[in-house]
Amino acid sequence: MRRVILNNPRGFCAGVVRAIQVVETALEKWGAPIYVKHEIVHNRHVVDDLKRRGAIFIEDLSDVPSGEKVVYSAHGIPPEVREEARTRNLFDIDATCVLVTKIHSAVKLYASKGYQIILIGKKKHVEVIGIRGEAPESVTVVEKVEDVANLPFEESVPLFFVTQTTLSLDDVAEITQALKVRYPHIITLPSSSVCYATQNRQEALRSVLPKVNFVYVIGDVQSSNSNRLREVAEKRNIPARLVNSPDHISDEILNYSGDIAITAGASTPEHIVQSCISRLKELIPDLQVEEDIFAIEDVVFQPPKELRN
């Protein structure tokens, strides 16, 4: 008998729930269309569902007619986007994750105090673009540990660092250690910039890896945190696949013996997880599912002020 060990927590985090609810509530309150700058979260199933209900996803505010309503995605935006919205008389609703907003505020604050800011993250990720936009002249993005050796700052320069919220804890630890060795005076926030949900999902997966021989991460290929989950397994020599649909699960799994772990990125709907489990049961009829509870998440974020009445 083979087992699927189903990680808990998995799937939607509080920031994703809030962001999706913002678009849903806006559609209920004002009707279609509701424009959304960037995909509200990085999951094709979520985006397609909201499109069917009247959301229009755009990358450039010039695609939003003057006076219309626009929602900013959970990943955040640079300040100039907000300014453009005001100039064009757009009614904007901010669905930026509360934890991302916290990093925006910290970057703005420390830049105003004269610090140079090191932002650990992927330069092209929309979250990093938004954070860097708070103080572009003061922010340097570090993507990998090798970048630390090339930083130009003298020891006399005050330094502050933060990270993208969806990074690998392994990578962040390595880069942070390199920063502290090179710049012992560097400071950061009292708690990690990597969000609680990213940490929980990675640590939950890590805790079951000694018990399994294969991992499925249910999530979108565009999802940073889903990709990092796949890497958690691969770095520990456990084969892992990132899939976003039961159609992506092949009979390849029959080539592997032993138990299977399943987790899901923070923007993955639970019904997709369950449909993937059903597909595995078709391939392995005697498969047993066991839930492994690593942590209980009860975080809830309030809606933006525009939607509170």
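Glycine is no exception: its Cβ is also placed from the backbone N, Cα and C atoms.
Some features that Swiss-Prot has for this protein:
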- GLU127: active site, proton donor (ACT_SITE)
- CYS13, CYS97, CYS195: [4Fe-4S] cluster binding site (BINDING)
- HIS42, HIS75, HIS125, THR165, SER223, SER224, ASN225, SER267: (2E)-4-hydroxy-3-methylbut-2-enyl diphosphate binding site (BINDING)
- HIS42, HIS75, HIS125, SER223, SER224, ASN225, SER267: isopentenyl diphosphate binding site (BINDING)
- HIS42, HIS75, HIS125, SER223, SER224, ASN225, SER267: dimethylallyl diphosphate binding site (BINDING)
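In the structure shown, across all protein chains, CYS13 is the one of the binding-site residues CYS13, CYS195 with the greatest number of other Cβ atoms within 10 Å. Under the three-state DSSP scheme, SER267 ((2E)-4-hydroxy-3-methylbut-2-enyl diphosphate binding site) falls in the coil class.
Cβ neighbour count for ASN225 ((2E)-4-hydroxy-3-methylbut-2-enyl diphosphate binding site): 27 (other Cβ atoms within 10 Å of its Cβ, all protein chains included).
Cβ environment of THR165 ((2E)-4-hydroxy-3-methylbut-2-enyl diphosphate binding site): CYS97, LEU99, VAL100, ILE103, GLU127, SER193, VAL194, CYS195, THR198 lie under 8 Å away, each six or more residues apart in the same chain.
DSSP gives CYS13 ([4Fe-4S] cluster binding site) a coil state; it is part of no helix or strand. Spread of the dimethylallyl diphosphate binding residues is 16 Å (greatest Cα-Cα distance among HIS42, HIS75, HIS125, SER223, SER224, ASN225, SER267). In this structure, SER224 ((2E)-4-hydroxy-3-methylbut-2-enyl diphosphate binding site) is part of a helix by DSSP. Neighbour counts of Cβ atoms within 10 Å were compared for the binding-site residues SER223, SER224, SER267, and the top value is held by SER267. A straight line from the CA of ASN225 ((2E)-4-hydroxy-3-methylbut-2-enyl diphosphate binding site) to the CA of CYS13 ([4Fe-4S] cluster binding site) spans 11 Å. When the Cα atoms are compared, HIS125 ((2E)-4-hydroxy-3-methylbut-2-enyl diphosphate binding site) and CYS13 ([4Fe-4S] cluster binding site) turn out to be 19 Å apart. SER267 ((2E)-4-hydroxy-3-methylbut-2-enyl diphosphate binding site) and CYS13 ([4Fe-4S] cluster binding site) have their C-alpha atoms 7 Å apart, to the nearest angstrom. Looking at HIS42 ((2E)-4-hydroxy-3-methylbut-2-enyl diphosphate binding site) and CYS13 ([4Fe-4S] cluster binding site), their Cα atoms lie 13 Å from each other. Note: the Cα of CYS13 ([4Fe-4S] cluster binding site) and the Cα of HIS75 ((2E)-4-hydroxy-3-methylbut-2-enyl diphosphate binding site) are spaced 13 Å from each other. Sequence-distant contacts of HIS75 ((2E)-4-hydroxy-3-methylbut-2-enyl diphosphate binding site), defined as residues of its own chain at least six apart whose C-beta falls under 8 angstroms from its C-beta, comprise HIS38, THR96, CYS97, VAL100, HIS125, VAL126, GLU127, GLY130.
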